[in-house]
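Just lifted these from TrEMBL, have a look:
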BINDING   N87, H92, E97  oxalate binding site
BINDING   H90, H92, E97, H136  Mn(2+) binding site
DOMAIN    42-190  domain 'Cupin type-1'
SIGNAL    1-21  signal peptide
Amino acid sequence: MAAKVFAYFVALVAVFSVAKSDPDLLQDICDADVTENDFFFSGLAKPAVVNNTVGSVVTGANVEKIPGLNTLGVSLSRIDYQPGGLNPPHTHPRATEIIFVLDGELDVGFITTANKLISKSLKKGDIFVFPKGLVHFQQNNGKEPASVIAGFNSQLPGTQSIAVTLFGSTPAVPDHVLTKAFQIGTKEVNKIKSRLAPK
């Protein structure tokens with residue numbers, strides 16, 4: 001019995017060691033030659049200009065824009081949506097995401113690995129969490145622009161947009177894979193690819 005309990009404990013520790021966020025700090029900051037500007041970014045203060053077909057813009061505040069975040073295991077983004085704008089289905093392979101609605105109303109949701117949709121309508125001041133690695137989305141369901149601040153437990157959460165990943169990759173995913181996976185014809189695959197191709 002004790003051996004069985006120990007085996008379960010070892011398995012549990014192994015799972016949690018793989019599933020945790022960025023590693024703990026070994027020092028105060030990553031580089032001793034930093035300045036206050038390495039810890040500062042003003043890019044989330046104002047709404048971004050939305051000028052695309054999906055009607056949303058994500059402004060990241062991660063280690064690529066704030067070098068001082070290196071090794072700290074956190075980052076933010078601001079997402080601005082036009083009325084009806086969509087942050088299309090996507091995943092963050094390295095982080096859980098939590099959003100706070102600054103303005104507007106959103107329909108949000110994620111899909112579990114059991115293929116269950118967990119969704120909610122949000123309004124100003126609401127918070128919603130998207131678990132690490134799960135496909136999720138947000139759409140402005142109001143008549144006015146909407147904005148959220150998103151927090152991540154990674155300095156660089158990564159983003160994979162499902163449609164762009166499958167239909168806009170380089171080299172391209174073979175048509176026969178997409179036609180079989182989505183049960184559509186080659187003509188439809190090429191039409192989708194042409195709309196998602198990099199400009």
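Glycine residues also receive a Cβ, built from the backbone N, Cα and C atoms like all the rest.
Let's see these features in context: how buried, what's close, how far.
On its own chain, E97 (oxalate binding site) has V129, F130, H136, A150, G151, F152, P157 as residues at least 6 apart in sequence with a Cβ closer than 8 Å to its own Cβ.
In terms of DSSP secondary structure, the domain 'Cupin type-1' (42-190) contains 22 helix, 58 strand, 69 coil.
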Of all the binding-site residues here, H90, H92, which one's CB has the most other CB atoms within 10 A?
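By the 10 Å Cβ neighbour count, H92 comes out on top.
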List the same-chain residues at least 6 positions away in sequence whose Cβ sits under 8 Å from the Cβ of N87 (oxalate binding site), in sequence order, or say none.
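The list for N87 (oxalate binding site) reads V54, S56, V58, I79, Y81, F137, Q138, Q139, given in order along the sequence.
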Specify all same-chain residues, apart from the site residues H90, H92, E97, H136, whose Cβ lies within 8 angstroms of the center of the Cβ atoms of the Mn(2+) site, ordered by sequence.
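Leaving out the recorded residues gives T91, A95, F110, F130, L134, V135, P157, T159.
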